[in-house]
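Feature annotations, reproduced from Swiss-Prot:
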type: ACT_SITE; residues: CYS91; note: active site, proton acceptor
type: BINDING; residues: GLY92, HIS93, HIS222, GLY256, SER257; note: substrate binding site
Amino acid sequence: MKISRSLSTVEVHTGGEAFRIVTSGLPRLPGDTIVQRRAWLKAHADEIRRALMFEPRGHADMYGGYLTEPVSPNADFGVIFVHNEGYSDHCGHGVIALSTAAVELGWVQRTVPETRVGIDAPCGFIEAFVQWDGEHAGPVRFVNVPSFIWRRDVSVDTPSFGTVTGDIAYGGAFYFYVDGAPFDLPVRESAVEKLIRFGAEVKAAANATYPVVHPEIPEINHIYGTIIANAPRHAGSTQANCCVFADREVDRSPTGSGTGGRVAQLYQRGLLAAGDTLVNESIVGTVFKGRVLRETTVGDFPAVIPEVEGSAHICGFANWIVDERDPLTYGFLVR
């Protein structure tokens, strides 16, 4: 066996959604910003993403993040988010996973009852706070990036579902938000194939019709996914939602950046008051909470700073190797 690369990871899930943290084995990443480092990886080392996200080491719905040095004075570390299609600008469930791992594993100075974790991401600096009792990490809340509605009541035409109307909003990534009830789309595991088809068609049509660009971060210039809302299964939840993103990937969690965007959407539509909490349920019944911290602006857009809360758990540690003799060493996807 000839090992050309060895990578160490911490395996975490947030509300059921996997997050693989790469802690060692990456090449040195040039660049003064996280976006520059991500661009270098895309151009020069994308095979690492494929090796860790694709089968046989991963699967079609895998997600992860590469730890890197911070680029801002208040950050403890930086992260580059990866998934089956490529690289994302923000990942709320990843922030919760990273913050939990940082506290559980002592990557940051821990304080009781709450420990602060600063993370540099492609979308900007994110500050998280982890409950810590001296032995165990608890729920994580993070201050999301400024979030806003980009367009209201926009329509797209899809091959299988006809005209679909919703809002395009930003919570760290752009999403097309739509009510699933008119299309008989319950947010349940049993409907996942229909949810995937609907979400993928809406995302493709929206990207073809609406050329989004973040007013302050021009590199964020596409609609990342479709978020489909419907009735929750738990009495205490406000709603359930399913995020179909990247290449037909389904988020098992309620989607952190999507929850931030939903908070902005509901607040700006007058459906969520200051001080109220959105209890957002996932396709598997796990929950994130979101609320408005304060109002702000992004370019010419009125916006809010949301806070999002959820929990994560470490479920393993792994060492992965790349053997160039293996014809499948950089992975494959059946779906």
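Note that the numbers count up from 1, one per residue, in the order the chain is shown.
Every residue, even glycine, has its Cβ placed from backbone N, Cα and C.
Same-chain residues at least 6 positions away in sequence with a Cβ under 8 Å from that of the residue listed as 'active site, proton acceptor' are, in sequence order, PHE19, TYR63, GLY65, PHE81, ALA121, GLY172, GLY256, SER257. For SER257 (substrate binding site), the count of additional Cβ atoms within 10 Å of its Cβ stands at 35 [all protein chains shown]. Around the Cβ of HIS222 (substrate binding site), 15 further Cβ atoms fall within 10 Å across all displayed protein chains.
Cβ-based neighbour count (10 Å, all protein chains) for HIS93 (substrate binding site) stands at 32.
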